[in-house]
Amino acid sequence: MQHIIDRFISYVTVDTESDANSDTTPSTAKQWDLAHKLVAELKAIGLTEVTIDDNAYIMATVPSNVDHDVPVIGFISHFDTSPDFSGANVKPQIVSNYDGGDIILNAEQNIVLSPDYFKDLLQYKGQTLITTDGTTLLGADDKAGITEIVTAAEYLMQHPEIKHGKIRIGFTPDEEIGRGAHKFDVAAFGANWAYTMDGSQIGELEYENFNAAGAKLTFKGKSVHPGYAKGKMINSMLIANKFISKLPKEEVPEMTSGYEGFFHVTGITGSIEESTVQLIIRDHDSKKFAKRKKLVKKIADKLNRNYSKQFGGDIVEYEIKDQYYNMKEKVEPVFHIIDIAEQAMKDLGIKPLIKAIRGGTDGCQLSYMGLPCPNIFAGGHNFHGKYEYVPVESMQKAADVIVKIAELTAQKK
Ligand SMILES: [Zn+2]
């Protein structure tokens, strides 16, 4: 177990925070530090076709050790960490044989990881947890995924008695800023399907995610001295407010769960002359997703009709852009890839937790780029903040799942 701990720590202590405000790939130069280290490590454990391109996308191969034809499968994770919280100077703490009580992350600042609040902790009693020191995130998202893939690849190279087909490995930058899949060369990867190792708790297996769109509405007003404004002034902020008040009040992130979609206002700017409203639209169901986009247009069009006479033209302009789609559509026709992953977990005594993602993954973009790509647990909890932690046993189990999937895929039917 020390080996997997050491490997994980060697990754999380390299700062790889990504930056949405940068146009380069990778978005931050420091991501190269870990990328180069990973390439050297993949070569050292004997993988073939180890490549890194100009954008820091890494690929490698565990060669097949059977004579019959086996589909090529891939495992993917990302090495950047979220800009939501600092990833510099990560000082991982190891809690052996966790007793089920409070974990003091930082005595000086009184930062405590407590099962009273984070109830999931209790399922890891007796296990070894890796936590932060309360001042940074941990980076288990998704360096746990990288650790598991490298560990599984190393194991397969050392155990030729385990029969498997060709296995491809892909590590990407910039997933946390939504660009992990953008420059992923699906053709060069050459897999029939793949799995991202980027889920949370042990057992997670996900192949459904939101359909997503973003909308920006601009409301135009007319500024007139308030003392002489009657019948002349149009206050764009009040029209923007009208627009928001027409959206279904209970269909917001804070009041929905499971398969319920939502409208989420993410930004407002305003003056009398001009206001803007930004929102995101989410729904697992593609028909309901289309309906939601239609509703935004309908409300805006109605406001235009109501005000067009007074204003002499449109008062609301809007732009709605699709962001990503539910991968379910691409995974359902090849459902055996879920069956194999589920079987692998069951064979290892792991209870599969299949649920719909309330967000997107790199895998959903890759699925629409021609590489069906469900998501498997990486084991961590409380991503993107100081309470992030990962049980070492979950990382080991995830590595075991990778090996088992490779084995099951190569079995002759
Ligand atoms: Zn992630």
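Cβ coordinates are placed from backbone N, Cα and C, and glycine is handled just like the others.
Feature annotations, courtesy of TrEMBL:
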- His78, Asp141, Asp198: Zn(2+) 1 binding site (BINDING)
- Asp80: active site (ACT_SITE)
- Asp141, Glu176, His384: Zn(2+) 2 binding site (BINDING)
- Glu175: active site, proton acceptor (ACT_SITE)
- 207-308: domain 'Peptidase M20 dimerisation' (DOMAIN)
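The structure, with features from TrEMBL marked on it.
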{"residue": "His78", "record": "Zn(2+) 1 binding site", "DSSP (3 states)": "strand"}
{"residue": "Asp141", "record": "Zn(2+) 1 binding site", "DSSP (3 states)": "helix"}
{"residue": "Glu175", "record": "active site, proton acceptor", "DSSP (3 states)": "helix"}
{"residue": "Asp198", "record": "Zn(2+) 1 binding site", "DSSP (3 states)": "strand"}
{"residue": "His384", "record": "Zn(2+) 2 binding site", "DSSP (3 states)": "coil"}
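If you take every residue in the domain 'Peptidase M20 dimerisation' (207-308) and average the pLDDT, you get 96. Ranked by Cβ neighbours within 10 A across all protein chains shown, the binding-site residues His78, His384 are led by His78. In terms of DSSP secondary structure, the domain 'Peptidase M20 dimerisation' (207-308) contains 40 helix, 31 strand, 31 coil.
Between the CA atoms of Asp141 (Zn(2+) 1 binding site) and His384 (Zn(2+) 2 binding site) there is a gap of 8 Å. Annotated Zn(2+) 1 site His78, Asp141, Asp198; additional same-chain residues within 8 Å of its Cβ mean position, judged by their own Cβ, are Ser77, Asp142, Gly145, Glu175, Glu176, Thr196, Met197, Asp362, Ala378. Proximity of the recorded positions (Asp80, Asp141, Asp198, His384) to ligand 1: a Cβ under 6 Å from the molecule is found for Asp141, Asp198.
The recorded positions near His78 (Zn(2+) 1 binding site), taking a 10 angstroms Cα-Cα threshold over the set Glu175, Glu176, His384, are Glu175, Glu176. The C-beta environment of Asp198 (Zn(2+) 1 binding site), restricted to residues of the same chain at least 6 apart in sequence and closer than 8 Å, consists of Ile76, Ser77, His78, Asp141, Asp142, Gly145, Glu175, Thr361, Asp362, Gly363, Asn375, Ile376, Ala378.
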